[in-house]
């Protein structure tokens, strides 16, 4: 079979790996095309074959594994097959319907926007906005308009931040998250730049025309910290440093979201004095624990790519299992504090909801944590998404703390 590829030339002394042979296919048409091309340009195919052999043999191992060899193998194989058939198409490819194109575009944007962060942002704003409600009549059209303005502006900024992070981490994401549009090639860098720039502009524009200073400053500080966290410029790209990276996430998720959006409703919508209530203080304190946990845990599934590209996360420095149990300990401590706060409440229904709700979440967390397989990236990633579900659940409980 290999003689068809190299024509009348002798078989090379170095054996060609089976994976690189473009003739390992069930299609006889490809064999005929390659045979035809081999007789016309045998030298070109011979040199291509030898080039593939050399590249295969000289691939370096990364971290004691054959990841780079496998990646190069697949990449080169794909390119070689495409090149072999590009000049002689065997059959026309079916064109996509407009509906399929739209569906693909929506799916790519969905993955680009990192939906778990979108849900978390929306829920957190709704939850802390409810903390400003003192009586039933506060549920007015003005309240719902104010909440909607805050959610839309914050989601636009959220997409800017996660999009910029993907633009800055394309090579890392090819290892850690190859399903993201920029890493997979579905989005070009130019497309990514246009998307993130557009959403940043839209966020600031909406924040400005609303006229709420707490909302505008929340967007501005999030923009500054999100940019400094990701962008690869001198003195920036703070994600390289574990403590600074954790502080960025802590500042946005624990402080800005709770206080700024509460003040947006309290001072801009209701025109009341800026008072830090007991439930708001509890929410800020609890989410301080949760934000640190998310900042630490998000790097646990990404340890391979972070090691390769020199990201000194806590997981790289301390190890996956150790950081995992630190996160579990912090969350269990936060749940214990919440139970104590609930027990001290003078409101009967709030006391029961707070104690029972946080006890159930603490038990669920511990039960799930004991079953995690640390040798499986899929299992660790699944648990990380479970942490986000606990994050959502907490924002359902926070408005009940009184």
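Just so you know, glycine gets a Cβ as well, placed from its N, Cα and C.
Under 8 Å from some Cβ of the transmembrane segment (118-136) lie the Cβ atoms of residues 143, 146-147, 150-151, 154-155, 158-159, 253, 257-258, 261-262, 264-266, 269-270, 272, 277, 279-280, 283, 287, 388, 391-392, 395-396, 398-399, all in the same chain and six or more residues away from its ends. Taken from TrEMBL, the feature transmembrane segment applies to 118-136 (among others).
According to TrEMBL, the feature transmembrane segment maps to 142-167 (among others).
Feature annotation from TrEMBL assigns transmembrane segment to 187-209 (among others).
Residues or ranges marked as transmembrane segment in TrEMBL: 215-235 (among others).
Annotated transmembrane segment per TrEMBL: 242-263 (among others), in sequence order.
Distant neighbours of the transmembrane segment (275-297): 124, 127-128, 131, 245-246, 248-250, 252-255, 257-259, 262, 266, 314-315, 323-324, 326-327, 330-331, 333-334, 337-338, 341, 384, 387-388, 390-391, 394, 398-399, 401-402; these residues of the same chain sit at least 6 beyond its ends, with a Cβ under 8 Å from one of its Cβ atoms. Annotation source TrEMBL lists transmembrane segment at 275-297 (among others).
Outside the transmembrane segment (323-343), and at least 6 residues removed from its termini, the chain residues within Cβ reach (under 8 Å) are 282, 285-286, 289-290, 292-293, 296-297, 299-300, 314-315, 350-355, 358-359, 361-362, 365-366, 369, 372, 374, 380, 387, 390, 397, 401. Annotated transmembrane segment per TrEMBL: 323-343 (among others), in sequence order.
Among the features that TrEMBL reports, transmembrane segment is placed at 349-366 (among others). Packing against the transmembrane segment (349-366) from elsewhere in the chain are residues 328, 331-332, 335-336, 338-339, 341-343, 390, 393-394, 397, 400-402: each is 6 or more residues past its ends and has a CB under 8 Å from a CB in it.
According to TrEMBL, the feature transmembrane segment maps to 378-398 (among others).
Ranked by the number of CB pairs under 8 Å to the transmembrane segment (187-209), the listed stretches 142-167, 215-235, 378-398 are led by 142-167. Outside the transmembrane segment (215-235), and at least 6 residues removed from its termini, the chain residues within Cβ reach (under 8 Å) are 149-150, 153-154, 157, 160-161, 164-165, 167-169, 200, 203-204, 207-208, 245, 248-249, 251-252, 256-257, 260-261, 264, 268. Distant neighbours of the transmembrane segment (378-398): 116, 119-120, 123-124, 126-128, 131, 279, 282-283, 286-287, 290, 293-294, 297-298, 300-301, 320, 324, 327, 331, 338, 353-354, 357-358, 361, 364-365, 368-369, 372; these residues of the same chain sit at least 6 beyond its ends, with a Cβ under 8 Å from one of its Cβ atoms.
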